[in-house]
Ligand SMILES: [Zn+2]
């Protein structure tokens, strides 16, 4: 697919896929298509532009510089790379052990004096990670890592817990998570502890920077820490290496309990790090075996649309195919943009593929079909849907499904945590309300107007169960934490973190209102807060926000909140403008700046703190302007030294 692209388009396609995968939890490309895209790029243009780590530090959490870089292994891909090469590599590294390669989030546990740990992500280039504010409860507290070593492991979610979590999310009207790998990152990279963090597992396998054998690392981890340690197998002979690796991989795949995306192959020699050294990016004392995941061919018979809280998501109904012992009849399409990108129509013969996802995705159209896929109206209310960035939304505030989804959202664990309030119950509440109170248009706050008697009239409820739900609603509406209250407003753009950010900064709704009322430029003031963008600032200063607050305050009381401001780094909020040609890709420097809490500015003004320019003595217009307004001129090398 990359042959027809220009260099810029090709690079942009890779970055888009990075963003979809790491930031949006919404991957459009299959893993091997992504790998192929990168491989083709490197073949044509070299690896320099790709010298960044996708999903690097985001600037939201405290940074931590790894004393030894957290390295990644080079890959050997079955069906792409030469099999003789694999045998040769194994011979060099002999004796060799193999371990599962988990498809999760890499986290290093740095021990404190009391054996409690600081848990840090891999981050930018494996050098600067983020300190996770929350971790799996089992491993929080003292005495967990008494080894004295930093221990590297992988956080992942089991197939079973993934299904359980998604069931709960859907029962509350939330969208299920699509990808097991992203579940770990998505749950841990939140300021506020998600109730699902404890569904995650952590398994360890390495002591970063220590030149010990895999067996020694395993021994230290299992006897001096509370962490689980990965399984391991020694290979019998270099000549049967590929067979042995594949048998090991197949056995793990067959168990189908943990997400793996390959096999780690490591030298069991003493001092192997010193002996084999490093390439530019990878240690040479091991590599990762990757298998292309299997593909299946089927025919698309229909496309149905499932309504989430706002978004309509397309799902393809396909002719049944057997995959991993299960009959598959649905394939995920993610959004309307993907339908367009694939050129999909009903009747099309397609290739589908299943990685570590519950429902497989369509990766390619082999033969076009005959019927165009259309969606003009909301499947619930019949109003036209609005397309924003390739996604379809129902923006009708009177849409029954939307109201029901909001009710279930407010009841979910992350918001008011109302025990026993499912999406089905929410739908019944909306239907009952419309039947009984035709004159009063329902909104999600009808939830708080239901009495036990009213609930008892809903289908499937008896006096006792109605009483119980009524009591949970009443209890959940008292002394609500401020971040949860803000989330419960059900306003677009006021998502997971905004409530927490506002609460930490202002401490109360009254304070938020007052500060907004008194600010000369309230939107600009709000945007100076890290994590608040222009759309959110606009929403917070709108009538819609104050009306939603008033409405919810009639039903819900807020508990006092202790505000706290996060300590800011030296470069937090500083504005950097980059200009001219530089030794490394621009994106590399931008990521460094953002990781340090700084911002990239587009043009030089009195608000610019630094102009990054190769020749600091340049007489270009930008450089002159910078000197005029007192902006400091620094070279990219100085920038690196400053921020790394
Ligand atoms: Zn609708």
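Indices start at 1 and increase along the chain as displayed.
For all residues, glycine too, the Cβ spot is worked out from N, Cα and C.
Here TrEMBL flags 31, 32, 33, 34, 35, 72, 73, 122, 154, 266, 290 as NAD(+) binding site. For the recorded site, residue 154 (NAD(+) binding site), the DSSP three-state label reads strand. Its own atom aside, the Cβ of residue 154 (NAD(+) binding site) has 24 Cβ atoms within 10 angstroms in the protein chains shown.
When other Cβ atoms within 10 Å of the Cβ of residue 101 (active site, N6-AMP-lysine intermediate) are tallied across all protein chains shown, the result is 22. If you look up TrEMBL, you'll see 101 marked as active site, N6-AMP-lysine intermediate.
If you look up TrEMBL, you'll see 378, 381, 394, 399 marked as Zn(2+) binding site. Residue 381 (Zn(2+) binding site) has a Cβ environment of 17 other Cβ atoms inside 10 Å.
Sequence annotations record features per position, and here TrEMBL assigns domain 'BRCT' to 566-644.
Local packing around the Cβ, expressed as the count of other Cβ atoms within 10 angstroms, is greatest for 378 among the binding-site residues 73, 378. With a CB cut-off of under 6 A applied against ligand 1, none of the binding-site residues 33, 35, 73, 154 are retained. Neighbours of residue 394 (Zn(2+) binding site), defined as other CB atoms within 10 A of its CB across all chains, total 25. Counting every protein chain shown, the number of other Cβ atoms lying within 10 Å of the Cβ of residue 290 (NAD(+) binding site) is 21. Per-class residue totals from DSSP over the domain 'BRCT' (566-644), listed helix then strand then coil: 27 helix, 13 strand, 39 coil.
Between the C-alpha atoms of residue 378 (Zn(2+) binding site) and residue 73 (NAD(+) binding site), the distance comes to 47 Å.
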